[in-house]
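For reference, the structure discussed in these notes is given below.
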């Protein structure tokens, strides 16, 4: 309603950018999910949990770096907007 | 390690920081911001999240609770990795609305309400005071570690004064670099660059100590992991409630803590830096955390059982004779503490001065808006706030004795500040969020936090009696501080976070749903929630035309923004297509100005100030509704169109008039040619005819004399005509020689009247004069002026039909100019002819009656132009009236 002139389908580049944003939104959700996993493990030594958390952490950072590179681009007028 | 060297190196380090900050300020002032504006500096400045609580406390936390210490860093990681959700919007809104602090953001979002600003400021100060005390304590403790043989030597004499010295030094630094200027963006480049350097120091220090512990003491990473796996300490079990709760809490804190908001939003110079920080800041946290557990493990193993685990980063290297390493660690801890205190103090001081001190001051002295040095007042308020905040921290430290474990204090502060989260998130994502809801939510959350966490943290019987802990206030057991509604099974911290945030959110939603926001709130709500939709809407809503003078506004703005105000006004004026420094008071301009002022004063204060200048205490609801509604805009637009239309019509009318005159002039020019030939021919014909008769001879003498007289008369008339024409052309070319001298106006009129009486001497004619007003000496060309007077008086004698004719001569003398009005009692000159009488050969009546060539008034006009004056027809005097205006003293240059 607010953007009546939005096209229904997008060019390939803008489409990619939109999905990149979706991925950026999804990343913290995935992070929460993975960080909750150790809670379900049987209590025991902390070593494996520590390693697991650090690995998840490193992966989150890595993915965020990749996504940030793509999201950094200035928005083209046609791709402007929130989704 | 000698204590003196420690103090000395600490001193040198502080001087180094001052130099860095000074350099940063200088670079920023000179405009060379290249490195200062880099995303790396932005990311490093974010590291003030890692305070002394991280540097010293994390090891203690890790030693006590194992893996749980990581929650404090996982929360921020999730928030930053998910920057596209919240941080991006916050930064955008912060830049659009020129937000100066988190209190300002909340106040601005909920209708620029200062009450909310005060509330958030209050919460922030209460929550931050223990935290600042914690930093002072950590510095004091670390000094104590070096200064005594006993690492936990509490009794060292310098302990008491260390905190005071540190607080004093920090106050100086913060005042120097935090209140240097009053700038619309509220950015402090010196401070940012200094804390970026400190961020590097603390990371290097912690990694150095960690590497020493892992490879020097523990025998490599593998061995460390084995030990962690084998450990089975009490408290190391993963508690699901605390794990989830603390991750959520730290995630909330990284957004809401005043210092984080300061560096994250306020100090942000480029939105794209956030993209870098989204992974680089988690990476920094990752690096900080990597060695915490190994240090804690090895510390627990090797140090005596009564060692304070919070100080292991220092005591471990010291115990192994690594003085230099310990020194580095000390500087790391010192950096963590100082950078946190500096930024927190700046953030709190901004909030205090913008939301508490300045509004109070302006309320007590409303005339201050218009009077003296407002800028100095604001800076003074900032400085006092800085001293006040640090003083509070110091007082808390002294009173509490600084005995609590570091981690506990940090978490209490987090939980307190997290109370802002519902209002903050609701504000930027939900348009329905209202001020009533925000106030209710904040009050509920703050009260619950105070009751269940903050007050109990002082210990049983300190503030809340032990009996209340056991039985609840007034015997209401469901209100026990650590078991609200009977939830005694929960961990006290999680219990508090859970209930405070739950009740806070519930009150926020209930208040928002049940209340109706006022127009300012709704406008701000739309601007915040739709921050990405259109930058353009910023100028759409806001001020309508007001009564404030541009000068007054510029005056006010200059006192707050300084030089920047002038530049801003000038650019705005140029954008509107005007020259100079005073743009039109368009709504867009006022909105932008208010935003700039808000950058220095906070939204609520800026709004109030502009309102005051506009002569109304507050903006009325009707006003805003009118502005906000589309109808008003359309009306305004059509009004503008209409005014354009009127202007066009006026221009067209002027054009038409000019055109008409031109056409008439063209007709006159033709008439002039035919006139002049006619005028020349008539006397010529007479002369030729009579001279022919005379040449034939045979005429009686009287007839010859008669004919000769006629020829003489006609020749005279011809000469007069030619004289007039010559006169006129000389006058028109401005080549006339003026004979300047002093002349008495009355005498000039006497002369004129005498000469003019020759014209139609037969008729009854009276001239009314007021001799007293004629006592004026003019410096002018008397003969020329008399010529004009003669012409005007003769005209009156010739054309005034009244019998007897009366000519009134009125003289006025004002501001170096003299006007002489000649008003007769005839019928006057019809309006359509008034424009023509000064043209050549313009004769209104038929020629015979006039008897002249019609050049008189044309010559008068030219003479007056040469005398630096005018002659004009004066309408509306019943009879014909002419006004001669001339300067009292004609200078030669004007001739």
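Each residue, glycine too, has its Cβ placed from N, Cα and C.
Copied over from TrEMBL:
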TRANSMEM  B:6-23  transmembrane segment
TRANSMEM  B:44-63  transmembrane segment
TRANSMEM  B:69-87  transmembrane segment
TRANSMEM  B:116-134  transmembrane segment
TRANSMEM  B:154-179  transmembrane segment
TRANSMEM  B:191-218  transmembrane segment
TRANSMEM  B:243-266  transmembrane segment
TRANSMEM  B:278-300  transmembrane segment
TRANSMEM  B:374-397  transmembrane segment
TRANSMEM  B:404-430  transmembrane segment
TRANSMEM  B:436-455  transmembrane segment
TRANSMEM  B:462-481  transmembrane segment
COILED    B:641-668  coiled coil
DOMAIN    B:675-890  domain 'Histidine kinase'
Do the transmembrane segment (B:116-134) and the transmembrane segment (B:436-455) share at least 3 Cβ pairs under 8 Å, sequence separation 6 or more?
-> yes
Report, as numbers and ranges, which residues of the same chain sit near the transmembrane segment (B:6-23): CB under 8 Å and 6 or more residues beyond its ends.
-> 143, 146-147, 169, 173, 176-177, 190-191, 193-194, 197-198, 327, 330-331, 334, 338
Look at every Cβ pair spanning the transmembrane segment (B:44-63) and the transmembrane segment (B:278-300), keep those 6 or more apart in sequence, and say whether at least 3 of them are under 8 Å.
-> yes
Listed stretch, out of B:191-218, B:243-266, B:404-430, that has the most CB pairs under 8 angstroms to the transmembrane segment (B:278-300) | B:191-218
Where does the mean pLDDT land for the domain 'Histidine kinase' (B:675-890)?
-> 80
Residue numbers, six or more beyond the limits of the transmembrane segment (B:191-218), whose CB comes under 8 Å of its CB atoms = 17, 20-21, 23-24, 36, 40-41, 44-45, 47-48, 50, 55, 174, 177-178, 224, 227, 263, 267, 284, 287-288, 290-292, 294-295, 297-298, 302, 313, 316-317, 320, 322, 325, 328-329, 331-333, 335-336, 338-339, 342-343, 346
